[in-house]
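Working notes, structure below.
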Amino acid sequence: MGGYYTYFSVFLLLAFTSSTIISVQGQGTRVGFYFRTCPRAESIVRATIRSHVNANPTMAPGLLRMHFHDCFVQGCDASILIDGASTEKTALPNLLLRGYEVIEDAKKQLEAVCPGVVSCADILALAARDSVSLSNGPSWPVPTGRRDGRVSLATDAANLPGFTDSINVQIQKFADKGLDIKDLVSLVGGHTIGTSACLFFRYRLYNFNSTTGADPSIDPSFLPTLRSLCPADGDATKRIALDNGSEGRFDSTFFNNLRNGRGVLESDQKLWTDSATQSVVRRFSGPFRGLSRLLFNVEFSRSMVKMSNVGVKTGLEGEIRTVCSKIN
């Protein structure tokens with residue numbers, strides 16, 4: 001098995017296009033940024049993530065989601081980690097984020113070995129990658145060299161993609177970050193290891209319209225399952241897997257579920273019902289209209305590299321926080 005993953009990692013590295021590499025390096029980040037200043041940085045982060053994910057597997061999707069939410073607000077600068085009365089983590093879309101203590105644990109260990117060197121933003125990017133690979137997903141080279149931001153405002157979180165967003169709105173929000181439709185579908189595919197609280201989709205099960213009560217895009221045979229997991233008067237904070245039948249395992253079955261009307265979030269299911277994104281979903285299952293099949297692991301990894309370089313601060317911008325939850 002180890003040989004397979006080594007082979008796949010080499011294949012994945014070669015799969016990145018030269019334009020992606022040039023774009024990433026042009027923003028001031030590069031693979032191996034800490035090679036001389038903190039050579040154990042990535043191994044320390046990975047060991048820390050492995051320890052926490054082994055103890056609590058739900059930390060993996062939590063850390064992936066946290067990195068996504070960080071990058072969509074102020075860029076990938078760890079502003080999501082800052083404590084305060086009106087910081088990003090207090091915004092409604094961020095209230096249920098998990099894993100802050102994991103990042104602080106990694107930071108504490110890095111400060112003991114390489115004080116003032118490794119940014120919280122880089123820890124978060126590495127943690128997202130390691131969370132995916134520890135969930136039977138791919139690994140990829142993470143360009144590092146980000147610096148930490150000094151601004152964190154809850155009001156800036158208004159541009160985060162939402163669970164009721166139309167496809168047009170989702171496409172625009174991703175385009176605003178330099179991400180295209182294939183990136184959108186690929187990154188949402190990260191929900192293969194994700195969960196959602198009932199409060200974010202229960203309205204689809206009971207009060208969606210006056211005719212059927214339920215969202216008609218839900219597979220009728222799947223509806224009783226969802227209703228049993230999230231009763232109308234049940235716990236709104238109860239968390240449900242977003243990839244039915246493949247919980248906790250990173251794979252492409254998420255897209256098969258969308259094709260079969262088994263998407264849990266309304267925004268996810270719309271990837272299939274809207275023609276603007278349906279062709280990409282189809283291509284994760286096989287060739288479509290003369291276009292080759294897309295390999296989910298490769299496309300997800302490529303899109304993660306693009307997203308993790310949105311609005312990065314490098315050089316003399318920002319700072320290297322000593323504690324991730326506080327500005328120096």
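A Cβ is built for glycine as well, from the same backbone N, Cα and C atoms used for every other residue.
Checking CYS38, CYS71, CYS76, CYS120 against TrEMBL, the residue bonded to CYS114 by a disulphide is CYS38. Candidates considered were CYS230, CYS324. The record in TrEMBL pairs CYS120 in a disulfide bond with CYS324.
Annotation for HIS191 (heme b binding site): spatial neighbours LEU242, ASP243, PHE254, LEU265, ASP268, criterion Cβ-Cβ under 8 Å with sequence separation of six or more.
Neighbours of THR192 (Ca(2+) 2 binding site), defined as other CB atoms within 10 A of its CB across all chains, total 27.
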